[in-house]
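Undergrad: Here's the feature list from Swiss-Prot:
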REGION    1-25  region 'Disordered'
BINDING   L43, G44, A45, G46, T47, F48, G49, V50, V51, K66  ATP binding site
ACT_SITE  D161  active site, proton acceptor
REGION    312-323  region 'Calmodulin-binding'
MOD_RES   Y343  phosphotyrosine
REGION    349-380  region 'Disordered'
MOD_RES   S357  phosphoserine
REGION    415-446  region 'Disordered'
MOD_RES   S417  phosphoserine
MOD_RES   S418  phosphoserine
MOD_RES   S420  phosphoserine
MOD_RES   S429  phosphoserine
Amino acid sequence: MDDKVSEKESSPKQTEEDSEGKMAHVQPASYVNKKKYVFGKTLGAGTFGVVRQAKNTETGEDVAVKILIKKALKGNKVQLEALYDELDILQRLHHPNIVAFKDWFESKDKFYIITQLAKGGELFDRILKKGKFTEEDAVRILVEILSAVKYMHSQNIVHRDLKPENLLYIDKSDESPLVVADFGIAKRLKSDEELLYKPAGSLGYVAPEVLTQDGHGKPCDIWSIGVITYTLLCGYSAFRAERVQDFLDECTTGEYPVKFHRPYWDSVSNKAKQFILKALNLDPSKRPTAAELLEDPWIICTELKTHNLLPGLKEGLDARQKFRNSVERVRLNMKIQKLRDLYLEQTESDSDFDEGSQANGSVPPLKATDTSQLSKKLSEEEQSKLKSELTSKAFAQLVNTVLAEKEKFLNINRVCSSDSDLPGSDIKSLDEAKEKPEGKDTKTEE
């Protein structure tokens, strides 16, 4: 695609500079586009806004809408730059395995980014519903991920946050393409060799060089693919550290950054393990590119193992998903309430946040109207106390669920970490491989 973007595509950055002056007067010209969309349920929430499902009434297409509050972004140059980068990157990428950009517009107080809606669910959720999962199935998935990353890297774009939660199916059919989503911290490099130095990513999937701030580029995405592949084949994550230094210690202790615990890895081929170790090379300059991994012996092998890995996968993946879902239900409602408290007037009725803001199975977040009717009778201190009590009760109803799921999840971790490694001969076919010394066990994610 031509490096030059259209006037409309480049205008968010320009219009934002004038937005403060407009906020007290009229809506920006692009706001008329909002009339095309009917908003539905809330899909997620963050520090600066929410993501909601919507329908384009002109085309009938379901879409995802990221809504960002300008007040929250005001004065935050880093986040504003990330917003402009995301818009620029989304408009440059056109690939069947990358979520498609649809539109953008703004109101006097919000930005709206419209993208393709992936209705088929997350990668690991789909696997849990299968009756069988083999290495052949894993390879098909990785070909889609690698194809997307190869294309991104050819455009000098680094995703920097590849993880299972950002790998989504477009629809529920068996033929649905898998797409890479969430380019919120992606960066467009000025050259093939440019390095970035500010840390970004998700602990457990982020490459070591990102955290040590030694400079990172395209190879950091390859590391993330290695971690995803590891979990794809065993059901638990390669690392369980919850702090940066613990993670760095975990992946640098021993000759290899990960171990293949038995019995979980007994039925996985050596070629698959070699693929993982190549992607998880601690030296980013020695990691293969996405194009090279597409030609890896494991990926192009015509006689892959057909052993059903699903029974072993389900225990780990199911505990992982239930724990994460419980935590996310709490986080979603707390984030939405915080956004209301910080940036919306108490009496303001804001359809962008009220309708459909409840996470499935969770306690409804407080609405501004819950206390507005009492405002004349209660002092500010009393109102604040009431809101705090209501929030605490809502949170308390969820905390037991989270703790229960966490205990199940940690039980899986303990089993994995207590198992011995596979015999050293199991990985000796690697170039320059030696018998792996005993070191710190690698365990599951937080």
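The backbone N, Cα and C atoms fix where each Cβ goes, and this holds for glycine too.
Since the structure is predicted, the reported quantities are computational estimates derived from the model, not experimental observations.
Describe the structural context of these features.
TA: In the structure as shown, the Cβ atom of T47 (ATP binding site) sits within 10 Å of 14 other Cβ atoms.
Residues within less than 8 Å, Cβ to Cβ, of D161 (active site, proton acceptor) and separated from it by at least 6 positions along the same chain comprise D182, G184, I185, A186, A200, G201, S202, Y205, S224.
Note on the region 'Calmodulin-binding' (312-323): its mean pLDDT in the predicted model is 60.
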Undergrad: Among L43, G44, A45, G46, T47, F48, G49, V50, V51, K66, the annotated ATP contacts, find the widest CA pair distance and round it to a whole Å.
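TA: Value for the max Cα separation, rounded to a whole number: 14 Å.
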